[in-house]
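Trainee: Below is a structure I'd like to ask you about.
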Amino acid sequence: MTERRVPFSLLRSPSWEPFRDWYPAHSRLFDQAFGVPRLPDEWSQWFSAAGWPGYVRPLPAATAEGPAAVTLAAPAFSRALNRQLSSGVSEIRQTADRWRVSLDVNHFAPEELTVKTKEGVVEITGKHEERQDEHGYISRCFTRKYTLPPGVDPTLVSSSLSPEGTLTVEAPLPKAVTQSAEITIPVTFEARAQIGGPEAGKSEQSGAK
(Lines of atoms letter the chains of each structure in order from A; the text may use other names.)
(Lines give C-alpha, C1' and ligand atoms only; values in the text may rest on other atoms or scores of the structure.)
Protein backbone atom coordinates (compact mmCIF):
# COMPACT_ATOMS: atom_id res chain seq x y z
CA MET A 1 0.00 0.00 0.00
CA THR A 2 1.40 3.40 -0.99
CA GLU A 3 2.10 6.10 1.54
CA ARG A 4 -0.29 9.07 1.53
CA ARG A 5 0.35 12.44 3.14
CA VAL A 6 -2.80 13.91 4.70
CA PRO A 7 -3.18 17.69 4.26
CA PHE A 8 -4.72 19.52 7.20
CA SER A 9 -6.79 22.67 7.24
CA LEU A 10 -5.68 25.54 9.48
CA LEU A 11 -8.32 26.82 11.87
CA ARG A 12 -6.04 29.20 13.73
CA SER A 13 -7.02 32.78 14.49
CA PRO A 14 -4.83 35.65 13.17
CA SER A 15 -3.68 36.42 16.70
CA TRP A 16 -2.32 32.92 17.28
CA GLU A 17 1.17 32.82 18.75
CA PRO A 18 2.94 29.48 18.00
CA PHE A 19 5.40 29.84 20.88
CA ARG A 20 2.94 30.53 23.66
CA ASP A 21 3.15 28.66 26.97
CA TRP A 22 1.07 25.57 27.50
CA TYR A 23 -1.40 25.61 30.40
CA PRO A 24 -2.53 22.10 31.40
CA ALA A 25 -5.46 23.42 33.45
CA HIS A 26 -7.04 24.86 30.31
CA SER A 27 -6.87 21.71 28.22
CA ARG A 28 -9.32 18.85 28.55
CA LEU A 29 -6.78 16.62 26.79
CA PHE A 30 -4.61 16.78 29.90
CA ASP A 31 -7.10 14.44 31.58
CA GLN A 32 -5.30 11.63 29.78
CA ALA A 33 -2.17 12.25 31.80
CA PHE A 34 0.08 9.37 30.64
CA GLY A 35 1.16 8.81 34.26
CA VAL A 36 1.31 12.48 35.23
CA PRO A 37 -0.96 13.47 38.15
CA ARG A 38 -3.87 15.68 37.13
CA LEU A 39 -4.22 17.71 40.31
CA PRO A 40 -1.50 19.52 42.30
CA ASP A 41 -2.60 17.91 45.59
CA GLU A 42 -1.65 14.51 44.13
CA TRP A 43 1.93 15.55 43.45
CA SER A 44 3.23 15.15 47.01
CA GLN A 45 2.06 11.52 47.03
CA TRP A 46 3.50 10.94 43.60
CA PHE A 47 6.92 12.33 44.61
CA SER A 48 7.26 9.72 47.36
CA ALA A 49 6.35 6.77 45.11
CA ALA A 50 9.34 4.81 43.81
CA GLY A 51 7.45 3.92 40.61
CA TRP A 52 7.42 7.38 39.03
CA PRO A 53 10.25 8.29 36.57
CA GLY A 54 11.72 11.15 38.63
CA TYR A 55 11.84 9.45 42.02
CA VAL A 56 14.86 10.32 44.17
CA ARG A 57 15.47 8.64 47.53
CA PRO A 58 15.21 11.29 50.30
CA LEU A 59 18.10 12.11 52.62
CA PRO A 60 18.19 10.28 56.00
CA ALA A 61 17.36 13.48 57.88
CA ALA A 62 14.16 14.05 55.90
CA THR A 63 11.01 11.95 55.93
CA ALA A 64 9.23 10.92 52.74
CA GLU A 65 6.38 13.29 53.52
CA GLY A 66 8.58 16.23 54.49
CA PRO A 67 9.25 19.28 52.32
CA ALA A 68 12.87 18.19 51.80
CA ALA A 69 11.71 15.15 49.82
CA VAL A 70 9.55 17.31 47.58
CA THR A 71 12.37 19.81 47.07
CA LEU A 72 14.80 17.01 46.23
CA ALA A 73 12.45 15.43 43.72
CA ALA A 74 11.26 18.66 42.08
CA PRO A 75 14.04 19.00 39.43
CA ALA A 76 13.68 15.38 38.35
CA PHE A 77 9.90 15.75 38.28
CA SER A 78 10.19 18.82 36.09
CA ARG A 79 12.34 16.91 33.60
CA ALA A 80 9.93 13.98 33.55
CA LEU A 81 6.97 16.30 33.08
CA ASN A 82 8.68 18.11 30.20
CA ARG A 83 9.36 14.78 28.50
CA GLN A 84 5.70 13.85 28.80
CA LEU A 85 4.38 17.15 27.50
CA SER A 86 6.88 17.57 24.66
CA SER A 87 5.51 14.45 22.98
CA GLY A 88 1.95 15.76 23.07
CA VAL A 89 -1.15 14.55 24.89
CA SER A 90 -3.78 12.77 22.81
CA GLU A 91 -7.17 11.12 23.01
CA ILE A 92 -9.00 8.72 20.70
CA ARG A 93 -12.76 8.78 20.21
CA GLN A 94 -14.89 6.49 18.08
CA THR A 95 -18.61 6.92 17.47
CA ALA A 96 -20.98 4.77 15.46
CA ASP A 97 -19.94 6.43 12.21
CA ARG A 98 -16.64 8.24 12.85
CA TRP A 99 -13.11 7.68 14.20
CA ARG A 100 -11.21 10.65 15.62
CA VAL A 101 -7.83 11.40 17.22
CA SER A 102 -7.08 14.73 18.95
CA LEU A 103 -3.47 15.62 19.73
CA ASP A 104 -2.11 18.69 21.54
CA VAL A 105 0.64 20.14 19.32
CA ASN A 106 0.64 23.80 20.34
CA HIS A 107 4.45 23.82 20.60
CA PHE A 108 4.71 23.30 16.84
CA ALA A 109 4.01 25.57 13.89
CA PRO A 110 1.84 24.19 11.05
CA GLU A 111 4.83 23.70 8.75
CA GLU A 112 6.53 21.61 11.47
CA LEU A 113 3.76 18.97 11.44
CA THR A 114 3.29 16.03 9.09
CA VAL A 115 0.30 13.66 8.92
CA LYS A 116 0.38 10.62 6.65
CA THR A 117 -1.20 7.19 6.26
CA LYS A 118 0.49 3.93 5.31
CA GLU A 119 -0.69 0.32 5.56
CA GLY A 120 -3.66 1.14 7.76
CA VAL A 121 -1.71 3.36 10.17
CA VAL A 122 -1.90 7.13 10.70
CA GLU A 123 1.49 8.63 11.53
CA ILE A 124 1.78 12.13 13.03
CA THR A 125 5.21 13.72 13.21
CA GLY A 126 6.27 17.03 14.70
CA LYS A 127 9.74 18.52 14.83
CA HIS A 128 11.25 21.93 15.47
CA GLU A 129 14.89 22.82 15.76
CA GLU A 130 16.48 24.34 18.82
CA ARG A 131 15.04 27.71 19.78
CA GLN A 132 14.92 29.95 22.80
CA ASP A 133 12.13 30.21 25.34
CA GLU A 134 11.88 31.75 28.81
CA HIS A 135 13.91 28.88 30.32
CA GLY A 136 16.69 28.65 27.74
CA TYR A 137 16.98 26.69 24.49
CA ILE A 138 14.87 23.67 23.56
CA SER A 139 14.21 21.42 20.57
CA ARG A 140 11.29 19.01 20.25
CA CYS A 141 10.55 15.99 18.10
CA PHE A 142 7.81 13.35 18.35
CA THR A 143 6.16 10.64 16.27
CA ARG A 144 2.81 9.08 17.12
CA LYS A 145 1.15 6.21 15.25
CA TYR A 146 -2.51 5.20 15.40
CA THR A 147 -4.02 2.10 13.80
CA LEU A 148 -7.09 2.80 11.71
CA PRO A 149 -10.19 0.69 12.42
CA PRO A 150 -10.76 -2.19 9.98
CA GLY A 151 -12.39 -1.18 6.71
CA VAL A 152 -11.54 2.54 6.90
CA ASP A 153 -10.59 4.05 3.54
CA PRO A 154 -7.21 5.81 4.08
CA THR A 155 -7.98 8.25 1.26
CA LEU A 156 -10.85 9.66 3.36
CA VAL A 157 -8.65 10.54 6.34
CA SER A 158 -8.61 14.30 7.00
CA SER A 159 -7.01 16.56 9.60
CA SER A 160 -7.41 20.09 10.93
CA LEU A 161 -5.55 22.40 13.31
CA SER A 162 -7.56 24.47 15.81
CA PRO A 163 -6.67 27.95 17.16
CA GLU A 164 -5.87 26.31 20.53
CA GLY A 165 -3.17 24.12 18.95
CA THR A 166 -5.16 20.87 18.81
CA LEU A 167 -4.58 18.68 15.78
CA THR A 168 -7.62 16.55 14.89
CA VAL A 169 -7.35 13.57 12.54
CA GLU A 170 -10.59 11.81 11.62
CA ALA A 171 -12.09 9.37 9.16
CA PRO A 172 -15.59 8.01 8.48
CA LEU A 173 -16.22 4.42 9.51
CA PRO A 174 -17.55 1.99 6.90
CA LYS A 175 -21.27 1.40 7.03
CA ALA A 176 -22.40 -1.99 8.23
CA VAL A 177 -23.64 -4.30 5.48
CA THR A 178 -27.39 -4.81 5.83
CA GLN A 179 -28.69 -8.27 5.05
CA SER A 180 -31.39 -8.47 2.36
CA ALA A 181 -34.92 -9.39 3.36
CA GLU A 182 -35.88 -13.06 3.26
CA ILE A 183 -37.63 -14.09 0.05
CA THR A 184 -39.68 -17.31 -0.29
CA ILE A 185 -39.56 -18.81 -3.81
CA PRO A 186 -42.74 -20.71 -4.72
CA VAL A 187 -42.44 -24.20 -6.27
CA THR A 188 -44.67 -24.85 -9.32
CA PHE A 189 -45.94 -28.35 -10.20
CA GLU A 190 -46.30 -29.65 -13.79
CA ALA A 191 -48.59 -32.47 -15.07
CA ARG A 192 -47.04 -35.66 -16.53
CA ALA A 193 -48.10 -34.77 -20.10
CA GLN A 194 -46.36 -31.40 -19.78
CA ILE A 195 -43.17 -32.99 -18.52
CA GLY A 196 -42.75 -35.17 -21.66
CA GLY A 197 -43.88 -32.49 -24.09
CA PRO A 198 -46.14 -32.92 -27.20
CA GLU A 199 -44.15 -35.84 -28.66
CA ALA A 200 -44.66 -37.87 -25.49
CA GLY A 201 -48.42 -37.43 -25.83
CA LYS A 202 -48.42 -38.70 -29.46
CA SER A 203 -46.42 -41.82 -28.57
CA GLU A 204 -48.87 -42.68 -25.83
CA GLN A 205 -51.82 -42.40 -28.28
CA SER A 206 -50.14 -44.67 -30.94
CA GLY A 207 -49.43 -47.29 -28.32
CA ALA A 208 -53.09 -47.39 -27.32
CA LYS A 209 -54.11 -48.26 -30.95
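Note that Cβ sites are derived from N, Cα and C of the backbone, with glycine treated the same way.
In case it's useful when we look at the structure, here is the feature table from Swiss-Prot:
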type	residues	note
MOD_RES	ARG12	omega-N-methylarginine
MOD_RES	SER13	phosphoserine
MOD_RES	SER15	phosphoserine
MOD_RES	SER27	phosphoserine
REGION	74-209	region 'Interaction with TGFB1I1'
DOMAIN	80-188	domain 'sHSP'
MOD_RES	SER86	phosphoserine
MOD_RES	SER87	phosphoserine
MOD_RES	SER90	phosphoserine
MOD_RES	SER102	phosphoserine
MOD_RES	LYS127	N6-acetyllysine
MOD_RES	THR178	phosphothreonine
MOD_RES	SER180	phosphoserine
MOD_RES	SER203	phosphoserine
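Tell me what's around each of these sites.
Mentor: Across the domain 'sHSP' (80-188), DSSP classifies residues as 13 helix, 54 strand, 42 coil.
The Cβ neighbour count for SER102 (phosphoserine), using a 10 Å radius over every protein chain in view, is 19.
Residues near LYS127 (N6-acetyllysine) in space but far in sequence (CB under 8 A, at least 6 apart, same chain), listed by position: PHE108, GLU112, ARG140, CYS141, PHE142.
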Trainee: Give me the count of other Cβ atoms within 10 A of the Cβ belonging to SER90 (phosphoserine).
Mentor: 19
Trainee: Can you check how the pLDDT averages out over the domain 'sHSP' (80-188)?
Mentor: 86
